[in-house]
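Beneath this line is the structure, given in structure tokens, with notes to follow.
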Amino acid sequence: MNMSNMAIDLVGVRKSFGDKVIVNDLSFSVARGECFGLLGPNGAGKSTIARMLLGMIWPDRGKITVLDEPVPSRARARRGVGVVPQFDNLEPEFTVRENLLVFGRYFGMSARTIEAVVPSLLEFARLESKADVRVSLLGGGMKRRLTLARALINDPHLLVMDEPTTGLDPHARHLIWERLRALLARGKTILLTTHFMEEAERLCDPLCVLESGCKIAEGEPDALIDEHIGCNVIEIYGGDLDQLRELIRPYARHIEVSGETLFCYARCPDEISVHLRGRTGLRVLQRPPNLEDVFLRLTGREMEK
């Protein structure tokens, strides 16, 4: 059978629970070998999309294809998919090695085959020294790396990762990112749901920005930032925001207010700084634009964590 270049294809997918629409007429495609991000706040529909891709729930309408198989009617596609859920579901009283051995049996792998791949998975997850340690004694970062290694037990073509670094400290998060880059270098395809802007910028090729189940933007991170922002950002805290807005309006491309912060987008930020000079009680931060600014620009509010 000829394989298409697309690992995932969604067309016009909608999902509701009761009267609440969770995913609304969503379409996107994920090419083989890329990391595609679903970026949005809690409640945007990211986890629901992941569950539909895995055949765990059915869409109300629309078409989903995973690895050239229609989902959920053809469960065969599931064999080529590894899953890293949002919350760890490891066996806490089993050792690291035992968790891998048991999980491999769910895929019908022989004991000999599983035992042959476990050493390389432990090395990949940097858990060789913890192989015989009970999972309940591991830290959060190690548990996430074990969950990632477990998802690779059957050498899947596609990884579906739902908020893989939520709750991790910065060091553990960066280590997961480094392992994901290694998988992409091997040609794996990754679907990544996240609300971390930095994570999306660092890992994703294209990404889809979601708000209340709707796609509000799609593209590569740098392209989205350039399209919707395209200039430096000045954050201003303190003072009378209405007064500040009027003061800097002539020198700004665009101004947003979120909470007690004024976001000013300007090609020449020095002009803004000159007019703020001498004003007391202000904290001013000048920085390059990021995906948080894109979300704020499109929705009028900051990303909720």
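From the backbone N, Cα and C atoms, a Cβ is placed for every residue, glycine too.
Quick look at what Swiss-Prot annotates:
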DOMAIN    8-237  domain 'ABC transporter'
BINDING   Gly40, Pro41, Asn42, Gly43, Ala44, Gly45, Lys46, Ser47  ATP binding site
Protein Cβ atoms within 10 Å of Lys46 (ATP binding site), excluding its own: 27
Cβ-Cβ neighbours of Ser47 (ATP binding site) (radius 10 Å): 17
Nonlocal residues around Gly43 (ATP binding site), in sequence order (Cβ under 8 Å, 6 or more apart): Ser212
Check: same-chain CB within 8 A of ATP site center, minus Gly40, Pro41, Asn42, Gly43, Ala44, Gly45, Lys46, Ser47: Thr193, His195, Leu210
For the domain 'ABC transporter' (8-237), the mean pLDDT of the predicted model: 93
Residue among binding-site residues Gly40, Pro41, Gly45 with least C-beta crowding, 10 angstrom cut-off: Pro41
Packing count at Ala44 (ATP binding site) (other Cβ atoms within 10 Å of its Cβ): 24
